[in-house]
Amino acid sequence: MALFSPDTDIFCERDALREDYQPEEIVGRDQELQQYVSALQPVINGDQPANIFLYGKAGVGKTACTRYLLHELKDDAAEFNVDLTTIRTNCEDLSTSYQVAIQLINDLRDPEDHLQPTGYPRRQVNQWLWEELDGIGGTIIIVFDEVDHIEDDSILYQIPRARANGNLEHSKVGIIGISNDFKFRETLSSKVQSSLCEKELQFPAYNANELRDILRQRADIAFYDSVVPHEVIAKCAAFGAKDAGDARQSLDLLMEAGDVAVERDADQVTVKHVDEARELLERSRIVDGVAGLTQQGHLVLYALVMLHEEGETPTRARAIQDRYEIVCDRAAVEPLVPRRMRDHLGELSMLGIATREERNKGESGGRYYEYSLDTNPDLLLEALDETVDMVGVTDAIQKRLDHDI
Ligand SMILES: Nc1ncnc2c1ncn2[C@@H]1O[C@H](COP(=O)(O)OP(=O)(O)O)[C@@H](O)[C@H]1O
Ligand SMILES: [Mg+2]
């Protein structure tokens, strides 16, 4: 018997649930697409394209809609004899305008003429970029996806001005900047803001109905007929809507639920499989999150778990500091000063392990934060097992550990 054999009862195209799969149709974004289309209208008129800034939380379809529309735009441009080139750059691994320029040049050049990542004077790199862009001619749209990863904004300033500054003669270039982080807009210098954000588009989070439509569309491609009943779609959608209105999260959950069904040798995906899948995803999120923390991060987290088990949360950083110092003492580790300890609390809330809420002091004014745990403590204690061994347990922690067995 073969050790590996295709399991064909559940998935017919599992890859359709992956993030990099591009759906042929976009569902439930009619209004946003309409705004996007009108922002791109100058392209079809053969005019200078507007620069567009698109923002919205993770998983709300920014990348998918942009890819979809640019594809349509290219088709229509060909029909109306508009000379259009589109370039998409993901800035996730790029942190400076210099790196972005090199990447753009290499995208446009033949492999044998590619530049090295470093070692050229900045002016020279810019010069090469203008030569490449001007050599194309016509209209060029450059998409900077995850643009907030670029720390200096000079390229976002220079490209829109290139024509006015005499650097481009034959090409009209427009930029589409995409960001998960609306605050990024405020970090831009005002001259970049006014040029990059000529047209601003915002994509809101998805509600459960919209997520259901997206999931259904994708499930029909990924799974065999009648493998995914309505209630499974509804459950994955409800989960995504409750958390962040994030389509990616819901699609991941559906894929994992499918994997569970395959593993169980089932002939349908069930609601129970979705529950199991959620637990698996939650577990790996926590295990990965905790594994990525430093030892100090582990000690801060353990102090917070202790307070949670004692019913002392939400609580202020000061109370956590007191407990954390005891924990450090037990671990024979030098404690951090409160400021640094608070940085770790901030990191925990960024990871979604803890939550941080701002409170007002009332009459006397002033604000402070309260922290609580936002994660299943059993999973955390499992992920923290080395710290628990090193520090030892309190009564409340022992009680939970006993309960678990
Ligand atoms: N309106 C939609 N219709 C179909 N699929 C969608 C839609 N919105 C998002 N998706 C899918 O959800 C996933 C996440 O969307 P993506 O565009 O990558 O989000 P963002 O770029 O906003 O983080 C992708 O697999 C994408 O194809
Ligand atoms: Mg994206």
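Here the Cβ of each residue, glycine as well, is placed from N, Cα and C on the backbone.
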Cross-ref TrEMBL: ATP site Val60, Gly61, Lys62, Thr63, Ala64, Arg218; candidate in list Tyr36, Tyr206 matching that site is Tyr206
Judged by other C-beta atoms within 10 Å of its C-beta, the most isolated of the binding-site residues Val60, Lys62, Ala64, Arg218 is Ala64
Simplified DSSP label at Thr63 (ATP binding site) comes out helix
What remains of the binding-site residues Val60, Gly61, Lys62, Thr63, Tyr206, Arg218 after requiring a CB under 6 angstroms from ligand 2 is Lys62, Thr63
Close in space but at least six residues away in sequence, with Cβ under 8 Å from that of Gly61 (ATP binding site), the same-chain residues are Ile26, Arg29, Glu32, Phe203, Tyr206, Ala247
